[in-house]
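Take a look at the structure set out below.
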Amino acid sequence: MKYLSSLKNKNLSNQICLLRVDFNLTDDDLRKQKIPLRIKSALPTIKFLLGKGAKVVILSHRGRPKETSDKRQVTRVYTLKPFVKILSKLLKKSVQFIDFKKDFKTIKTIIKISPRGTIFLLENLRFFPGEDKNDQKFARKLASLGKFYINDAFAFSHRPTASMVGIPKFLASYAGLLLEKEIKNLSKVMQKPKRPLVIILGGAKISDKIGVIKNFLKNVNGHKSRVNCILTGGGVANTFFAAQRLPIGKSLYEKQMIPTAKLLLRSRKIILPIDSAIQGKKILDIGPKTIKRYVEIIKKARTIVWNGPMGYIESPKFARGSKAISQAILKSQAFSVIGGGETISILPAACFKPHASRLFVSTAGGAMLEYLAGKKLPGIEALNTSL
Ligand code: ADP
Ligand code: MG
């Protein structure tokens, strides 16, 4: 794989670079977060390219327009237009929006005749059916707009769409600065993590995390499994409770995962909450004794991974467990990786300050879980096999 950072001394004056990012954020995300992590994290690569005199064409998808029936709603809700203002403000430079009303030839000309250092933002790629289908013709059309392709959309690397795996077949391709950072940090957990390694898993579905659990519990080359313990909360813990036939009332869990959960419970490394915060017939958070126990374990860890809230964080009353976990990680000296949309929404601002590379907040959720499950991510593979 080629890294963009290796072009540090290269002049890219007037070269057109297609930059795939993941701006898959809702209007609500944009309202709630001052500068969303995904936008902030895309800036270094954009600035790097501009600094070399390149023209940057930013590509992203947003939401799932196909699943909305009202066509007028689709363009309004899923357009990338709001990002023009946000990006221009952050980059202190105007950003040109390109909608898909124009044909590709016209778009190509507009980009070609623009001055060096121009930034374009192309409309939501999912307005084209070819994106999700990884249509080769669509990929070729996109590729025809530029000279280089840069993937900085780690959070979307598990999806084999035209802009992720199609374009690299036609253009010299590079991993952007964010993708490089994500891979370097996550690979620290995969390769010889300092032990004790503690993985904390919560959130809605155990099925999303099963790959990570299995990958870290398995014995590697005759050595004991890499993880020391897996602390559970949220729907993940509830499913383990159900597998133990404990009463969970109307709590969130996954029935079809019970047989798998039963098998996993044979491992002593899976730690379940010892008390819970309950409302009505629902378990909505880990309880105070569990918090204490988990915090003690986190204190001793030298590597930590966290994905998935410990409870129903949308209600402050049930965000206590997750808040306590975030504080404990912040205080710890362990190398820590935290990911997942909802999980990072609960983090205190201090977690986003550079902590001498000790704490890494990933822009990814699903892609991070697949990476940690040891799966090959199509977006990364496409860079490995590219020109
Ligand atoms: P992330 O986005 O960080 O990857 P998930 O999407 O897996 O996390 O799960 C987050 C969701 O799980 C949150 O909306 C949260 O309310 C919910 N959740 C966690 N624990 C519970 C619980 N005990 N009961 C109901 N919902 C829960
Ligand atoms: Mg989520």
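Quick reminder: no glycine exception, Cβ is built from N, Cα and C everywhere.
TrEMBL has this to say about the protein:
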type	residues	note
BINDING	D22, F23, N24, R38, H61, R62, G63, R64, R126, R159	substrate binding site
BINDING	R38, R126, R159	(2R)-3-phosphoglycerate binding site
BINDING	K209, E314, G340, G341, E342, T343	ATP binding site
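Checking the binding-site residues D22, N24, R38, H61, G63 for a CB within less than 6 Å of any atom of ligand 1 leaves no residue at all.
Considering only the binding-site residues R38, K209, E314, G340, G341, T343, the residues lying within 10 A of N24 (substrate binding site) on a C-alpha to C-alpha basis are R38. Sequence-distant neighbours of H61 (substrate binding site) (same chain, six or more apart, CB under 8 Å from its CB) are D22, N24, N124, L125, R126, E131, F156, T161, S163, listed in sequence order. You'll find the Cα of T343 (ATP binding site) roughly 21 Å from the Cα of R159 ((2R)-3-phosphoglycerate binding site). Checking the binding-site residues N24, H61, G63, G341, E342 against ligand 2, the ones whose Cβ sits under 6 Å from it are G341, E342. Fewest other C-beta atoms within 10 Å: among the binding-site residues N24, T343, that description fits N24.
The record assigns K209, E314, G340, G341, E342, T343 to the ATP binding site, and the maximum Cα to Cα distance across that set is 21 Å. Across the residues annotated as binding substrate (D22, F23, N24, R38, H61, R62, G63, R64, R126, R159), the two Cα atoms farthest apart lie 18 Å from each other.
Cβ neighbours within 10 Å of G340 (ATP binding site), excluding its own Cβ and spanning all shown chains: 23.
For the binding-site residues R38, R126, R159, K209, the largest tally of other C-beta atoms within 10 A is found at K209.
A count of other CB atoms within 10 A of each Cβ picks out D22 as the most crowded of the binding-site residues D22, E314, E342. Sequence-distant contacts (6 or more apart, same chain, Cβ under 8 Å) of G63 (substrate binding site) comprise N24, T26, V77, Y78, N124, R126. The Cβ of G341 (ATP binding site) lies under 8 Å from the Cβ of G365, each on the same chain and at least six residues away in sequence.
Calculated from their C-alpha atoms, the gap between E342 (ATP binding site) and R159 ((2R)-3-phosphoglycerate binding site) amounts to 20 Å.
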